[in-house]
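Contents: one structure, followed by commentary.
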Amino acid sequence: MGDLDEVSSAPITPRPPISAPPSQYHSPSLTRSPLLSTAADGIETSKTPRSSTPKTSTPRTGTPRIRTPRFITPIGSPIRRALRLTRLDPEDAWLPITESRNGNAYYAAFHTLCSGIGFQALALPVAFTILGWAWGVIILTLTFIWQLYTLYILVQLHESHETGMRYSRYLQLCNSTFGEKLTNWLALFPILYLSGGTCVALIVLGGQSSKTFFQVVCGEGCTLHPLTTAEWYLVFTCAAVLLSQLPNLNSIAGVSLIGAVTAVGYCSLIWVISVAEGRLPGVSYDPIRSGSWLKRSLEVLNGLGIVAFAFRGHNLILEIQATMPSDEKHPSRVPMWKGVKVAYTIIAMCLFPLAIAGYWAYGGRIPKAGMLTALYTYHSRDAAQLLLGLTSLFIIINAVSSFQIYGMPLFDEGESKYTKRMKKPCPWWLRVIIRTFTGFSFFFVAVAFPSFGSVAGLLGGITLPVTLAYPCFMWLKVKKPKAQGSIWWLNWVLGVVGLGLSGLLIIAGVFTVIDSGIQGSFFNP
């Protein structure tokens, strides 16, 4: 008779409850989560041993019998998955991006549409002057499909079924996938620029459009003393900072809706007015070519960069999805993708007519600044002043609205410094100070560096991987598709091409800055 093997059942250590601030107990993602359940909810938190005396058994082969733990049995597996479905950081309930998780597909569509259509799209006809009709349409279509695919990847990677984590910010997903050091080197500056740099550009655009709107409304014989450009920047910044006091990302859903409607409005007005006024006399559609081979190559790269830079907002997708409730039966990726599909259908209906109609109307004579400058340069006297004023007003409203959603990640980062150190929510007065200081810091940069657009190509090349390359590598690292399979090859090719294109655009941007210099003067907008 072999040795006796004593097998005893040990008491199960109860799972400590996870605390969260009272403000988030009503969040749908938490009320559905079993992590907040207690014994009063009908879930047993501890068990006593079945017997105080050990049981004995005789192994069949003389070796100790191995018991299968209960938590990996078929019955225990769903429970285990449910318990780890959403690992929540209590501090998320105190930060503006994740403070409210009551979002839905409509909110997602509003935010995505407001952040997806921007002033960069007004330069698309300029790219056509370099690429021509055929290549311009082909590259615009391929880039649209490419960025929509990477957008789909980000939506799918927001939640991890293996760890139960929700990656509520782009940098969080980068840190988890690539590591903190590599993220700081490759992704930190592009993401900060896509938020802060866009806010600076919006102040410049909003201030200049405010000045134009005043001139259109006041008329040629106006006797009122006009403000300077810097003063218009200040007026716009004050309005943006005042609106930025709304507490969280869900609370600006109405603002994003207004921004989305006005973005569609001014894009449509610009191309409709251009087509209605007809083509310019002597317009040419021959692609612009410089003398040397090097300059022609740089021009083509510049055209590609303009097309790629027209699509923005990928750095905000995870933040938008973080405002939604999620559980195993109702994952947030479903309503999020519905909202994204609606938003990008409308975006396509704006960008393609804007690029094609703009190039048809102006051809090679379109200014380098894009469609807005062309509209006021060629049609300021022909077109109805009401339509020109309405276009400027829509641009101002859209710029103020877009400022809120692009500034939110920076507000969130500023408040997170306080919550991590003090372990409590940021008080309202400190939140006001943080957002006011951040907004007027953007104003200072806009006034000090008004020629921000001179280096837009260079900065666009630096930020391009955030949209077109990094999501592909994230999918390879997280999902681990079958090697040499179609999905594996697709993501490798897109990721490598995206990085290569980014490098070429950076080289072209540096060469352009060295060759032509930075236009404008400091502190003189």
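Cβ coordinates come from backbone N, Cα and C, glycine included.
Among the features that TrEMBL reports, compositional bias 'Low complexity' is placed at 21-38 (among others).
Under the heading compositional bias 'Low complexity', TrEMBL lists 45-69 (among others).
Taken from TrEMBL, the feature domain 'Amino acid transporter transmembrane' covers 102-508.
If you look up TrEMBL, you'll see 1-69 marked as region 'Disordered'.
Among the features that TrEMBL reports, transmembrane segment is placed at 105-127 (among others).
Sequence annotations record features per position, and here TrEMBL assigns transmembrane segment to 133-155 (among others). A Cβ distance under 8 Å defines the sequence-distant neighbours of the transmembrane segment (133-155), meaning residues of its chain 6+ beyond its ends; these are 124, 127, 170, 173, 285, 303-304, 307-308, 310-311, 314, 317-318, 321, 333, 336-337, 340, 344, 348, 351-352, 355-356, 359, 467-468, 471-472, 474-475, 494.
According to TrEMBL, the transmembrane segment annotation covers 185-205 (among others).
Annotation source TrEMBL lists transmembrane segment at 252-273 (among others). If one looks beyond the transmembrane segment (252-273) by at least 6 residues along the same chain, the residues whose Cβ comes under 8 Å of a Cβ in the stretch are 103, 106-107, 109-111, 113-115, 117-118, 121-122, 243, 246, 343, 346, 350-351, 353-354, 357-358, 361, 371-372, 375, 379, 383, 387, 390-391, 394-395, 397-398, 400-402, 404-405, 408.
Per TrEMBL, transmembrane segment is recorded for 342-363 (among others).
What TrEMBL lists as transmembrane segment is 383-407 (among others).
Long-range Cβ contacts of the transmembrane segment (428-449) within its own chain (Cβ-Cβ under 8 Å, at least 6 residues beyond either end) map to 196, 199-200, 203-204, 207, 230, 233-234, 237, 240-241, 244-245, 247, 407, 410-411, 414-415, 418, 522-523, 525. The annotation transmembrane segment is assigned in TrEMBL to 428-449 (among others).
Look at TrEMBL and you will find 455-476 (among others) tagged as transmembrane segment.
According to TrEMBL, the feature transmembrane segment maps to 488-514 (among others).
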Dominant neighbour of the transmembrane segment (383-407) in 105-127, 185-205, 342-363, 488-514, by Cβ pairs under 8 Å: 185-205
For the transmembrane segment (488-514), what are the same-chain contacts with Cβ under 8 Å, counting residues 6+ beyond its ends? 146, 149-150, 298, 301-302, 304-305, 308, 454-455, 457-462, 464-465, 468-470, 472-473, 475-476, 481-482
Please work out which recorded stretch in 105-127, 185-205, 342-363 has the most C-beta pairs separated by under 8 angstroms from the transmembrane segment (455-476)? 185-205
